[in-house]
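Asker: Quick one: this structure, given as structure tokens, is what I'll be asking you about.
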Amino acid sequence: MDSIPSEVLKRYQDLKEAIAGHDYLYYVLDRPEIDDDGYDALMRELLRLEAEQPSLISPDSPSRRVGGKPLDKFEKVRHSQPMLSLDDVFDLQELEGYLRRAQGSIEPFPWTCELKIDGLAVSLTYVEGVFVKGATRGDGTVGEDVTSNLLTVKSLPLKLKGPVPHVLEVRGEVYLSKRRFARLNEEREELGEPLFANPRNAAAGGLRQLDPKIAASRGLDLFVYYVVDPLSLGLESQGEVLRWLEERGFPVQRAWKVCYDLEQVKDFISLWQEDRFSLPYVTDGVVAKADPLSQWERLGRTARAPRWAVAYKYPPEERMTRLIDIEISVGRTGALTPVAILDPVNLAGSVVRRASLHNQDEISAKDVRIGDAVVVRKAGEIIPEIVSVDTSRRTGSEEPFEMPQFCPVCGSKAVRLPDEAALRCPNRSCPAQMNEEIRHFASRGCMDIRGLGERVAAQLVESGLVKDLADIYELREEQLASLDRMGPKSASNLVLAIRASRDRPLAALIAGLGIRHVGKGVADVLAERYRSMDALGEASAEELSQVDGIGPVIGASVAAFFSDPKNKETLNRLKDLGVKLESEERASKGNSLEGLTFVFTGELERSSRAEAQNLVKSLGGKVTSSVSKKTDYVVAGASSGSKLEKALSLGVSVLDEEGFYSLLDERKKGDL
């Protein structure tokens, strides 16, 4: 650090604090004070400084949130104290009995009531206020180390505010917001992938991804509600615990209250029975905890659950309504999806008029007919679905439904691919598909063309202005101004947004192309591995399937996309029209390690092994998993094993962690 100019050090610290502050404002307080472009500029500057001065990288750097290399497996973690489950009760009478038994004959004490988040429990460990490890509950005694994935959760603070003990362990719930869940399932439906049943399943699946980049693409979130050994912090009640956590920068869900008698507990439950549907996350009950921490020790616990807390579970909300009709929706990949048109019914805080039936197999399995009385609920309080049919109400006038054999939009003969339940329209020029393709390409997670939404996309297709994605980049202001409700100013802004999108990252373009089974997480993996559209297009299905996080199904889909002459023509046109088809990351950071091959072994202190590996790759170097005569350097951390022995036997240069960062500094200076 002595060789780093003081102004660079100060700027680096300022950037870390600014990014952390904006993360807290956006992800915890929901009060952003900067737009996406401004935030991205700060992050790019920080990453550039770290590439130029690798010794700057610290454990609380926001760059740790960038997903590292995929793991081979999750390591086991033994919890310092058991992570217990909660006893459930399902009606107010049962809850009253539980609380009265806990109260016993002593002086009445208050209960803290908190909404129960439907997510996945995790334990978080901080050393000197810096996040160092996160684990799942597992069996309550031993969980799995998911630190790499938790680092991608933007609401998780990397460095805490205020005074904290040397080692601090807290616990909370990782969850997926309703909006992210709905968007994720929309993406999966478009990609022909199975839908998640509820946000909890999606969050659990995201947290247990071996590839952190895929976990990052899920957009997971966090609430913290518990401190291990709170009495050592001078805290005397659960209310104090929640306030203490919030003051340290942890995200704490705001719907909690200290209740001083049973009636107040019931009032809290009643209040949130309906109001919870307006929240941006799913809650499935209320947790009542003895507020005085002194009562926790008195009440103790059973083998699986504390006696000082209980979870009241809300009953699932279902409604009966009439199925009026079934319409067919044509998606971006041509999937024909039956949609139930319902008599409007108020359900879980909103009026439901439509529900997806997914495919003919589901319709047949549930024996759904037009005119039926059906039971409807929201999966995860979000997605309307038909649970069952009340056949006792049938009059004989109900009509069985069969999927059409032709696309309802373009009239093409529908096809059913092997091992798929969905029928598909094979016509890639189908207006419905093209409309969805444009909307997806222009979406925020892809090319981010603001102003090119569903209404404009539909007009572009209908007018014949866009028949291929590359046509977007040939649109002129006068053409756009002629569209309904557009006008000269809006047309000018849209043209500017289209031009700006030409510089979007490679991963955004890959995601925007609409390759089946390739969402944002997979696109990130492919962009990092191949760095250019040409290199990706030359990869075989077999090679692609060997990439961590890809596999044979995605590999075959990507290879098929690039072998299609129409797709090749689109990519060539995009290139000719100025859209960047390669990553600039390596060029911007320099190629100071180009031609060098590294192998990492053992545990590093300054950064994780994945972060060090990504740093090498960003500077043009190559990272392999095995040592050979072609290896230039083996970087050996603590507890190095057989790789170190093999390096010594082959005469390969071995560096410790400090030597590795010194080499980076030297090579960087030589590159200037």
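Placement of Cβ uses the backbone N, Cα and C atoms for every residue, glycine included.
Annotations in TrEMBL come from automatic prediction, not curation.
Per TrEMBL, the features are:
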BINDING   D36, D37, G38, Y39, D40, S85, L86, E114, R137, E173, K289, K313  NAD(+) binding site
ACT_SITE  K116  active site, N6-AMP-lysine intermediate
BINDING   C407, C410, C425, C430  Zn(2+) binding site
DOMAIN    588-672  domain 'BRCT'
Asker: Taking 10 A as the limit, how many CB atoms besides its own sit near the CB of D36 (NAD(+) binding site)?
Answerer: 11
Asker: Just to confirm: which same-chain residues, 6+ apart in sequence, have a Cβ under 8 Å from the Cβ of C430 (Zn(2+) binding site)?
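Answerer: Same-chain residues close to C430 (Zn(2+) binding site) (Cβ under 8 Å, separated by 6 or more) are V330, G334, C407, V409, C410, S412.
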Asker: Can you break down the domain 'BRCT' (588-672) into helix, strand and coil residue counts using DSSP?
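Answerer: Summed by class, the stretch gives 36 helix, 16 strand, 33 coil.
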Asker: L86, C407: which of these binding-site residues has the sparsest Cβ neighbourhood within 10 Å?
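Answerer: Among the binding-site residues L86, C407, the lowest count of other Cβ atoms within 10 Å belongs to L86.
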Asker: Neighbours of the Zn(2+) site C407, C410, C425, C430: Cβ within 8 Å of the Cβ centroid, same chain, sequence order.
Answerer: V330, G334, P408, V409, G411, S412, P426, N427, P431, A432, Q433
Asker: From the Cα of C425 (Zn(2+) binding site) across to the Cα of K289 (NAD(+) binding site), what is the distance in angstrom?
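Answerer: So the alpha carbons of K289 (NAD(+) binding site) and C425 (Zn(2+) binding site) sit roughly 55 Å from each other.
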Asker: Indicate the candidate from C410, C425 with the smallest number of other Cβ atoms within 10 Å of its Cβ, considering only these binding-site residues.
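Answerer: It is C410 that, of the binding-site residues C410, C425, has the fewest other Cβ atoms within 10 Å.
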Asker: Which one of the recorded positions (D40, K116, R137, K289) has its C-beta surrounded by the most other C-beta atoms within 10 angstroms?
Answerer: K289
Asker: Helix, strand or coil at K289 (NAD(+) binding site), per DSSP?
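Answerer: In the DSSP reduction, K289 (NAD(+) binding site) maps to strand.
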Asker: Under 8 Å Cβ-Cβ from G38 (NAD(+) binding site), six or more apart in the same chain: what's there?
Answerer: none
Asker: For L86 (NAD(+) binding site), which DSSP three-state class applies?
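Answerer: Coil, per DSSP.
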Asker: With DSSP assignments reduced to helix, strand and coil, which class does G38 (NAD(+) binding site) get?
Answerer: helix
